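What TrEMBL records for this protein:
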- L9, D84, G87, S112, I113, L163, V224, H249: S-adenosyl-L-methionine binding site (BINDING)
- 1-239: domain 'Tetrapyrrole methylase' (DOMAIN)
Amino acid sequence: MFYLVGLGLGDAKDITVKGLEIVRRAKRVYLEAYTSILTVGKEALEAYYGRKVILADREMVEQVSDELMADSDIEDIAFLVVGDPLGATTHTDLILRATEKGIPYHVIHNASIINAIGCCGLQLYNYGEVVSIVFWSDDWKPESFYDKILTNKKRGLHTLCLLDIKMKEQTIENLMKGRPVFEPPRFLSASLAAQQLLEIIRNRKEESSSALTADSICVAVARVGSQDQKIVAATLEEMSTTDMGTPLHSLRTHHKQGLLIQRELFPTEINQSSTRVGQAWAKMTLRNTKQK
């Protein structure tokens, strides 16, 4: 059986009991190491699981999946995924490949940022389409994510923005010359994502009620599920200079940041004393009232 096992968002102990049982009896155990990372490294997982863990990078998962699934018809093979196994299209593709080859598979679910974002106090059923904000470069500045945010806003829905992660990336020069030289890991921060959104706002100069402004409320979350998780609610302008913590670019840690763009809040969301969002919303409302 080929098992896709979710690890949750924190550390080695966030694996489910069922997942841990599978890991401990599996013939081989792989750790997918490029769509996300935990707060601990491979060594900590091996110590807790009592098993050797093989790192599976993008090339292995997307180009040599036959190696991953080898002997799955007669042995248990575990493929570990940070968060939930079905949180990325790459893992869905693995399931399709397994199906095509007649390989039996089973998914062991776990917490992901999609449901853990409830930690900021906003109700999960008020979210629209999840979007991804990518790193801009000098000659590539896509804006499609902004249009999806506006679509959600028109429908009265929050938007969860997943921020870009660059793992084992190559420069164009190294790629063209076939040199196996990789760039250091990079993690898009909430402040840089806010800066990119502000640039789009300034360039478009839209005045419709659904358009975002520098005063639009957003929420940044960092390292959700860990002991030092951080949640900050602010305007986009304020968020552009907010430090959510320096990302630790190694497989021993992770730096999960999400940016949440909001629609108007329900009273129950505003009144939650534990939510920074309601406080920020009340602050902005009071400021706008004074300006009028």
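Using the three backbone atoms N, Cα and C, a Cβ is placed for every residue, glycine included.
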* To do: Count the other Cβ atoms sitting within 10 Å of the Cβ of V224 (S-adenosyl-L-methionine binding site), across every protein chain shown.
  => 23
* Structure fact -> Same-chain residues at least 6 apart in sequence with Cβ under 8 Å of the Cβ of G87 (S-adenosyl-L-methionine binding site), in sequence order, are T35, V81, S112, I113, I114
* **Local Cβ density at L9 (S-adenosyl-L-methionine binding site) - other Cβ atoms counted within 10 Å** => 25
